[in-house]
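What TrEMBL annotates here:
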ACT_SITE  C:140  active site, nucleophile
BINDING   C:11, C:12, C:110, C:168, C:302  NAD(+) binding site
BINDING   C:139, C:140, C:141, C:194, C:195  D-glyceraldehyde 3-phosphate binding site
DOMAIN    C:2-140  domain 'Glyceraldehyde 3-phosphate dehydrogenase NAD(P) binding'
């Protein structure tokens, strides 16, 4: 059993914890939290040993009736791999600690590529992380781009990509961040940083991206245009997507045209937290233009799609599965993930 | 086993179906849908026989690969009780059909009291529905008011109530209704209809209500002021709430101050669809004024709180449990509902 | 003086009325309304004779203290040109009436091209409307596309366009339409209808468009990618835009990155209703790629940009200005429109 | 002419500047800004001398083409009164500076009562500020409560007040603050601080308030219940409101039921920035209960209602008008404010 610790039991961390706990070859040895929030109660309820960054704050947890197992150093002593899911930019400062305790570490896309030197997406470069000590799982948006672009590139060759990301302003559980009523260019300059970030995983792709933020919480939406090197058909592309283990299709017959309806469907399907770990391509949007341009909309669940990638990264780093296919199959089966 | 049909497998109907299916003494014999939507897929997946209102539309379901068991009349022939969860105002037209097929029927709060003559809340008037043929379960907001007001009235006597309901504009899965950026008085006149609606269940309560709609999807929020006849203390009120099987307490130590964080907690707890069947009183809001006025905030999950009431109404009508306590206990246990 | 009537004094109609009234060569002879709303009060206050569609409803206006001048037929008898600003799809039914009263008519983009046979944008095809009896001013989004694409095409030649329109869910004064929390693909299929609509004005442009709706009220946002036939530079493009009378530049030094801040600026500038009649290109977004692809973001004020186009259309139809340049200059001067 | 400086030319400051500039007995001698934003351009355009807090940042303004007149100290040397409209909590630190330059100063409601010792509302306690050196104008919400409660108290005697404030999450021009989709109790405890804040102006009122934040930008909404000492009628209350110079009535015949429609009306009326300086009571909401409880909804424009109060405070402090009536009349006339 691979012993996994989660440093930062928040939006991503709590999901990775549950996904890891569901794997037959992994176990959670601890999760960490800085304050006695609702999520700390949940950690207790799930039976995940709860560690805190600053042990002098144990009193606050005691008062709230939340059991504390020790400090983060104590957690690191128990684990083979730590998944750092602290807020963007914080993870960097933790690297020295992970080195000190000699544990393998995974960071999220909020950190820079340089923190690990390997940026990871299981459908693209599983072998790069095989046996590695430090890996960075790319952000939810880059993960979504990686999956579909790699698929198209292998089948047809991708000459260029132009993608627009329309991003949610806040996660559903958030109350501080806006906007309330605005479309915010973020960044206002073109291209955005998402293209270069994709290139940390797929260096040879010629890509320009733009991004904006809108007042919604449920998912991001990508509009993608790819110029293909070889001739493609709409049906051919849909067939490829249907076979991909991490890309689902929102069928036209469902009548679903929005992120809200899609999350409702996931909720109705009984997915934990209504999570969509797969990218969701809208069937009716897929179109091929006269010069082999491929167009499509895909919705990306910002809280969920990287969760399964973290699980695969653990397996790659621990050499617990020899190929991406094997790890993806194991991860998906353990979660009951059959792409929509 | 009580045979239950759900006429209208939408936001409320699909939840009642799952709650009924979870009961040891009930089974779903059919659910109905008018169009081959995402929810129709879910009905198939859950194994609920799917009936359609207009059998000439079966072709559209066939095309979408959705199995249809027959028409609504066929469904009514199978059941002891039908739960009408069609959109507000539509249920009225179905009454003749239910009479024709001689089935007991439950309507939701979108219909008028007169449709059934009995308006129901299991914590208030279970016995009124005992053996009845027609019952109306009051709306989500009235359900929330009934629970807390009845509790206070029994313990202290309630001289008057003033309540403001700040309502969500749309359910999370909705995309058509607004507002996008407005506070809408609905109605603009004071008092709103919610007071008289409460009086269909609790006739002797002196109540004035106001209501508005805001651009959010997760829950309604109630601000309640009650003048009590007898002396009360904050702790005494909190103790009463803690013992109530359908009212939960949002502890101050969780740091939760909003509907969004509350739904996140429910989701983290593994509740199906993140549903909060219980009213959620904010611990830190409960206050008693110098003249025994009781103040509190409670959040009401509009999609969920009536679900358990429908289950209890079925038991009352079928004389399957002799008391409210017994039915509530059975319903809660089957769902794993331990109020937060 | 050209005598102008406005049929439908709503979001667009009231703005066209004020813009017409501000012109030295035009006057408003009447505006129409179906109900005694807040806008009807405003019509009275501005001194626009108010006509109503159904004269039997005059009593309701009398009760509200709103003066009524007569019925719509009466209004048509007074005018040279009627601007039909009724809700999309309604205008079609009015055509027979306009023919009966022998008045020239302008429709908005909610109607189909065929209603008039001439779709209009003053920067593109002023001469097509010269002396015409029936003209359709294209929608706010198509207007925004027309201006910038025509500009680029004249200067560099446009080989192809790919544009995504991120649209507001409701106008600021609306309370019914959503979505509250969703990104809605509208349409879900690619391409959207906006490309063909642009081709009614600029037939030779090769264009693919996509569109979605988000929960905001202030403006639409366009992401545009154009392949240019000739070499272009960022500065060259910015210079062209600076000279365009109907395209403004949101300077980087203002720090403005959103629709909300842009409308705040317009409001601070004292623009009536905070209206932005010009397209608003974000300076920092303008970029030229290695193969002469031009990229930019532009914000479009959905309530305002077509207003000035309607004024120019009137002049063209009445042969009151011989060239687009002349009419645009007159319209802009009368409104004090100096593009941002 | 009273020489007025505005320290902090933002949401409130820019409005106070324009209102002051419109007065026959006042002039703007300077406004201050920390960064070269869109508002700094506007200051230049309006001809208000622009001063900056940190003169070493002048280069950034020069680059942006914005003229700077000097530093804040220079501005203070020119003025009789400074209106501090810096962000809440910042104003406190400026007091020593104002004392050093021996200028009278007005703070906004974001500062504590103690900063000035006099909390001000022109309809309630104009004389308290007469000749004073330091005055605090209470917040937008407290201003709205003061006006209506004082009116009711003088006419009928107010025994107790219970008010709920449903507050906007962000101003329309804001893009950072949320919530996006939540009702946030702020504070979660009852009572909120608004009651004690009202008591700084009207000490004898017995008041309990609650407050929440919702995802909208246009206005706050107040639900108010007052127990009156003497008998009242709905018509009597409406008559009193009609005569009040700073409370308007949203007539039922306009069909307006929301904040969004109300701001649209203000915009249509040609109000600068669509500002509603008056409290807006909804005619159809006003109701009197059987025990002389007065109920009503009022909308409060958070950016505007305190603007006119600041102007009156200047006159009181400078002894430029002997009575509240006189100052209010002068302020309203100069702005063309005839309450809706």
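Just so you know, glycine gets a Cβ as well, placed from its N, Cα and C.
TrEMBL entries are annotated by machine, without manual review.
For the D-glyceraldehyde 3-phosphate site, whose annotated binding residues are C:139, C:140, C:141, C:194, C:195, the maximal Cα to Cα separation is 13 Å. Annotation note: residue C:302 (NAD(+) binding site) sits in a coil segment as assigned by DSSP.
When Cα-Cα distances from residue C:141 (D-glyceraldehyde 3-phosphate binding site) are compared across the binding-site residues C:11, C:12, C:168, C:302, the shortest belongs to C:302.
Each residue in the domain 'Glyceraldehyde 3-phosphate dehydrogenase NAD(P) binding' (C:2-140) gets a DSSP state, and the totals come to 58 helix, 33 strand, 48 coil. The full span of the recorded NAD(+) binding residues, C:11, C:12, C:110, C:168, C:302, taken as their largest Cα to Cα distance, is 16 Å. DSSP classifies residue C:195 (D-glyceraldehyde 3-phosphate binding site) as helix under the three-state reduction. In this structure, the C-alpha atom of residue C:168 (NAD(+) binding site) lies 19 angstrom from that of residue C:195 (D-glyceraldehyde 3-phosphate binding site). Looking at residue C:140 (active site, nucleophile) and residue C:11 (NAD(+) binding site), their Cα atoms lie 12 Å from each other.
For residue C:11 (NAD(+) binding site), the Cβ neighbour count at a 10 Å cut-off comes to 19, with all displayed protein chains included.
On its own chain, residue C:139 (D-glyceraldehyde 3-phosphate binding site) has C:108, C:109, C:110, C:197, C:306 as residues at least 6 apart in sequence with a Cβ closer than 8 Å to its own Cβ. Across the domain 'Glyceraldehyde 3-phosphate dehydrogenase NAD(P) binding' (C:2-140), the model assigns an average pLDDT of 97. Taking the mean position of the Cβ atoms of C:11, C:12, C:110, C:168, C:302 as the NAD(+) site, the remaining residues of that chain whose Cβ falls within 8 Å of it are C:140, C:171, C:303. For the residue listed as 'active site, nucleophile', other Cβ atoms within 10 Å of its Cβ number 25. Those residues of the chain, other than C:139, C:140, C:141, C:194, C:195, with a C-beta within 8 angstroms of the mean position of the D-glyceraldehyde 3-phosphate site C-beta atoms are C:109, C:138, C:142, C:143, C:144, C:145, C:165, C:193, C:197, C:198, C:209, C:211. Note on proximity: of the binding-site residues C:11, C:12, C:302, the one nearest residue C:195 (D-glyceraldehyde 3-phosphate binding site) is C:302, by Cα distance.
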